[in-house]
Amino acid sequence: MDFRNVILLAGGQALMVSAMSVVIITSAEVGKILAPNQLLITLPVAALFVAITFTSIPASLFMEKYGRKTGFVWASLFGVAGAGLATWAIISKSFWLFVCGTTLMGIFNGFGNFFRFTAADIVSKKFKSNAIAYVLAGGILAAFLGASLASNFKEAIPGATYAGGYASLIAGYCIIFILMSFLKLPANKIAITDSSIIAKDTEVSNHLQAKPARSLKTIIRQPKYSVAVICGMFGYGVMSFIMTATPPAMGHTSQAVRTTIPFVIQWHMLAMFVPSFFTGTLINRFGVYKIMFIGGLLGLCCVVVNQFGESVWHYWSALVLLGLSWNFTFTGATSLLTQTYRPSERGKAQAFNDFIVFATVSIASLSAGALQHLYGWQTVNVGVIPLLIIILACVIWISFWDPDRDQDQKRDLRHNQQKIKAV
């Protein structure tokens, strides 16, 4: 496995998620101070996800033409501009300027969300799940760094609460610029999905000619692709919906609970990313469908916990379950997606997936604050149950339909037989 590039991509992922963490923790509070209407307090974080949505396809097309390294490097400048604009917006007390700042940060994320796909594309089939998981594991640093920046720099700029946290993100995006500059991703290097080697275009030209790129419509019609997109969009959407509603919900409780918002979000993000060290191994061992199914069940457990109270313990345990649910469903969905397209199709297949996923996340983020304000915390949680049921139903269906299922069972049987012989 290409550890050097995977580590650089994981570093970029860590800093990108750290910035998102700062926005998630603070934007609702900034909205309470600056927004002309309390129904708009989650608009800044929603704007970030809307920008991700509408950047996904252009970002993919740009990087297919000019290379992913070029895209990552230049996109980091949008992050620098966005963090700077958000800082100035808080200082000048302009809500709409703050929304513009988070939007620019979202444009960078539209490029940065291809970190995980890039890692998968530069390794052999055997290590795809691991590479995806290792890059997502970069978010572990973000769990500490994001919460630390949000709390320690809260009053760093006198008279502009939370502006210091966004000012610190300028340095973070500059570091991403530097990290991405050291990537070595030759334009003519791709991973063959049905081989255990990495080869150059010139070495696999016959392979690609034998399997030309299919239309996006044909790719989407594959049951595996459809299930990967559905589980990815609902898994991420449910997580974003509940996570975005959590700070406003906690903000309407006691002072003791309000002060623990960074703590709860920090543990939520740890739960999102710590499992990434072994999620890839679990997928290889037990199969992607079982891991995605467990992710859906964990999401339901989160909803159940949230129905029984609004103490710090309830918020903490529910958000930990939510983070685990996201890791299993999203890592599993991404891993499944990489099985559905050929090297020549990766740009459009990945771009369409991210467009649908983050369109769902945008809607979830935009509606979370308003629904929490109008209907309350319990109703917000009950509302995601149908989406989690859809995830479980899709996984059950595809696990029986998948023609590779018998091969997976034979692989597991061989593995067990080898263990018995070893004993």
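Backbone N, Cα and C define each Cβ position, glycine as well.
Here is what TrEMBL says about this protein:
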DOMAIN    225-423  domain 'Major facilitator superfamily (MFS) profile'
TRANSMEM  7-27  transmembrane segment
TRANSMEM  39-59  transmembrane segment
TRANSMEM  71-90  transmembrane segment
TRANSMEM  96-119  transmembrane segment
TRANSMEM  131-151  transmembrane segment
TRANSMEM  163-183  transmembrane segment
TRANSMEM  225-245  transmembrane segment
TRANSMEM  265-284  transmembrane segment
TRANSMEM  291-309  transmembrane segment
TRANSMEM  315-339  transmembrane segment
TRANSMEM  351-371  transmembrane segment
TRANSMEM  383-401  transmembrane segment
Below 8 Å between Cβ atoms, which of the listed ranges 163-183, 265-284, 315-339, 383-401 makes the most pairs with the transmembrane segment (131-151)?
265-284
When each of 39-59, 71-90, 163-183 is checked against the transmembrane segment (7-27) for Cβ pairs under 8 Å, which one has the most?
163-183
Mind checking which residues of the chain, 6+ beyond the ends of the transmembrane segment (163-183), have their Cβ under 8 Å from one of its Cβ atoms?
5, 8-9, 11-12, 15-16, 18-19, 22, 26, 68-69, 72-73, 76-77, 79-80, 83-84, 86-87, 90-91, 101, 105, 108, 112, 149-150, 153-157
